[in-house]
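Participant: One structure coming up, written as structure tokens, with questions to follow.
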Amino acid sequence: MSQGVRRAGAGQGVAAAVQLLVTLSFLRSVVEAQVTGVLDDCLCDIDSIDNFNTYKIFPKIKKLQERDYFRYYKVNLKRPCPFWAEDGHCSIKDCHVEPCPESKIPVGIKAGHSNKYLKMANNTKELEDCEQANKLGAINSTLSNQSKEAFIDWARYDDSRDHFCELDDERSPAAQYVDLLLNPERYTGYKGTSAWRVWNSIYEENCFKPRSVYRPLNPLAPSRGEDDGESFYTWLEGLCLEKRVFYKLISGLHASINLHLCANYLLEETWGKPSWGPNIKEFKHRFDPVETKGEGPRRLKNLYFLYLIELRALSKVAPYFERSIVDLYTGNAEEDADTKTLLLNIFQDTKSFPMHFDEKSMFAGDKKGAKSLKEEFRLHFKNISRIMDCVGCDKCRLWGKLQTQGLGTALKILFSEKEIQKLPENSPSKGFQLTRQEIVALLNAFGRLSTSIRDLQNFKVLLQHSR
């Protein structure tokens with residue numbers, strides 16, 4: 001080989017390496033450049049949310065989610081899909097529920113609270129038996145006797161009003177308590193036609209959108225030639241604020257769920273022990289502006305918008321919990337008091353945020369039209385909560401139902417300001433009530449958003465280090 005050829009080959013190698021570095025640097029800079037600045041339809045900037053979440057909210061909300069009151073969620077994962085015959089499953093075999101056998105469930109939960117506090121938590125053998133069920137998409141229903149017995153008492157603190165969600169009947173034999181800490185939201189392998197059908201139904205039929213308008217990157221939509229989605233956003237910008245907000249909430253929820261899957265991805269499995277962690281390739285596939293034709297940054301901005309909406313709801317509902325009559329009751333007086341103190345501390349932080357979304361800008365037209373639009377808004381969202389029963393993966397269904405109910409509870413709060421202001425200090429109110437399930441869903445859903453924003457910061461660092 002001649003010297004000239006060798007020099008040419010070496011030069012090409014250097015050029016390729018330089019091009020790779022430039023590409024990675026460009027990717028990082030584009031992601032950061034496009035997911036920044038002031039959000040549409042509000043006066044808040046992304047950097048302020050990042051700092052507020054990192055230093056004030058995330059550490060406290062994570063701690064709150066570990067408390068008994070907030071870690072147990074009752075859900076019916078056996079409700080049939082009301083819209084189509086669902087036959088989709090996770091691509092991983094363990095993406096279904098494997099609850100503990102009936103014989104392993106402590107008798108206290110079935111016999112009421114007659115033997116309350118008399119038994120210790122599940123012994124080691126029971127825990128080992130149930131841990132076999134906690135794999136990938138499987139739901140682990142392991143609970144302590146004391147926790148299960150306390151749930152019956154919690155029920156008497158609950159009441160309800162009109163909802164933005166289709167709530168599960170907690171009295172149904174199919175409803176079961178799930179320990180959320182034993183069932184973290186993460187990648188299960190659930191994907192393909194079944195998953196796309198769920199999101200397609202949500203976007204195409206429940207976002208105030210005519211069938212002639214298609215959202216970008218929809219694999220179930222007909223080919224649109226050179227249309228890169230601009231026609232969709234032209235249509236979206238022409239909508240009233242309320243309908244734009246609705247779409248952004250759904251898109252933000254979708255983005256948050258996708259971030260959780262990217263951040264807790266099955267990296268490898270050795271001798272039956274899975275290893276979970278962030279997957280940069282999956283993150284780029286879902287959010288890189290080049291790979292998503294500009295959609296990724298829009299989705300992430302909608303995540304921040306959703307965070308603002310739920311943050312605002314927490315600040316507005318604080319007076320409900322500040323009353324002495326409201327207890328976060330589990331039966332452990334000392335822990336209950338500590339949990340309420342922590343929750344009130346979080347509420348104080350939410351009220352201190354200076355750039356809240358102004359919900360009064362919504363449904364502010366003539367009373368008749370505003371009332372009709374608000375009801376349409378509520379029914380559309382309620383229908384979306386029903387679609388969550390069509391998710392083929394039980395773990396995905398669990399977290400989908402919880403986060404949908406959490407957002408529905410946030411909307412209920414934002415549109416009940418007058419009722420909250422009139423709450424009596426020392427007696428229950430018929431004007432506004434939250435069930436325990438709504439409270440658990442609200443705080444855990446916001447915790448998921450807080451985690452998503454934290455995960456996004458981590459991915460930015462990983463992209464920077466990969467240059």
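Placement of Cβ uses the backbone N, Cα and C atoms for every residue, glycine included.
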Participant: Which one, CYS42, CYS44, CYS81, is listed by Swiss-Prot as the other cysteine in the disulfide with CYS390?
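Facilitator: So the cysteine paired with CYS390 in Swiss-Prot is CYS81.
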Participant: Given Swiss-Prot annotates ARG186, THR188, TRP199, SER251, HIS254, ARG286 as FAD-binding, which of ARG171, ARG299 belongs to that site as well?
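Facilitator: Site partner of ARG186, THR188, TRP199, SER251, HIS254, ARG286 for FAD, according to Swiss-Prot: ARG299.
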Participant: In Å, how large is the greatest distance between any two Cα atoms among ARG186, THR188, TRP199, SER251, HIS254, ARG286, ARG299, the listed binders of FAD?
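Facilitator: The span, Cα to Cα at its widest, is 22 Å.
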Participant: Of all the recorded positions given, namely ARG186, TRP199, SER251, ARG299, CYS396, which is spatially nearest to CYS262 (disulfide bond) at the Cα level?
Facilitator: ARG186
Participant: Whole-number answer please: how many Å between the C-alpha atoms of CYS81 (disulfide bond) and TRP199 (FAD binding site)?
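Facilitator: Cα-Cα distance, CYS81 (disulfide bond) to TRP199 (FAD binding site): 14 Å.
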Participant: Could you tell me the C-alpha distance between ARG286 (FAD binding site) and CYS396 (disulfide bond) in angstrom, no decimals?
Facilitator: 18
Participant: Helix, strand or coil by DSSP: which one applies to CYS393 (disulfide bond)?
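Facilitator: In the DSSP reduction, CYS393 (disulfide bond) maps to coil.
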Participant: Restricting the comparison to the binding-site residues TRP199, HIS254, ARG299, which residue's C-alpha is spatially nearest the C-alpha of ASN383 (N-linked glycosylation site)?
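Facilitator: Answer for the nearest of the binding-site residues: TRP199.
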